[in-house]
């Protein structure tokens, strides 16, 4: 790996600028448009597909831990995911396999935080948004079956579009707005006759939607202004949020309940937790990568497109939602809206 080139010689893409310039191996091909006139590059498409794959798998493993094994402490899983992610980043950075900045590191590798303290402070709003996003998202998957969870999560695009307008004055074309409206309409149609309706579960999902929108919009602003790449942003999140989650789990008694969990020593449960932590690391990486390369709204739309697989796999593995024609129609409308957005994005409309 090339030395002194920051992320230019990194094994993994980590920023919007990665692969550009003189030092970007293979950058020209990766930055080429998918089609002539397309608004999305090939790297952008790879980032989007990578996110969708990780997201589907993570929902399945989290659902397995919380529902199949009835693990009572969602915050403990969040803490484990954060600790594993931070430790892995530390080892990779200490070994100089990755960097946390888009250019040559301005902090020696043996520094305490690997990034300037002023930048760590600058990323605090992002870290707090990430904390709320993680806690709300983890809890929201417990009280709602997988098909309805994915249906309700589709309304995130409305909150994301609103946050983009207020934070970045981002405006969208009528076809994009129409595709979002179709997704939301489909979500309400799908949930109109949900026989497993749970008001508390629905409320937590909508809270998760709001925190997700704030988090994605904050990534787009801070990620491009701080000089940190995807790994650097993940590192700062871990440093700021880790102690907070640890205090929360201890204060609520979740750590004690987790230690007393009857399946704690079960190989199956331990395997689920291990894969959950690995996928959480990969998911966070692809969220940063996709949001910085494309946009916060595109990131939300990717979450809708991958729902086709999440709904299908969740229905087979976990059930929880009786077959209903209205639900199927609503799901179809949501997928149609997501496909319309993807078409507009790829064609540059």
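Note: Cβ is positioned from N, Cα and C throughout, glycine not excepted.
Unlike curated entries, TrEMBL annotations are predicted automatically.
Of all ranges given (8-25, 26-43, 44-61), TrEMBL attaches the label transmembrane segment to 44-61. In TrEMBL, the feature transmembrane segment is placed on 199-219, out of the ranges 136-156, 199-219.
Between the transmembrane segment (231-251) and the transmembrane segment (44-61) there are fewer than 3 Cβ pairs closer than 8 Å, counting only pairs 6 or more residues apart in sequence, which means the two stretches are not in contact. Ranked by number of Cβ pairs under 8 Å to the transmembrane segment (112-133), the listed stretches 44-61, 73-92, 176-193, 199-219, 271-293 are led by 199-219. The transmembrane segment (44-61) makes no contact with the transmembrane segment (199-219), as judged by fewer than three Cβ pairs under 8 Å among residues 6 or more apart in sequence.
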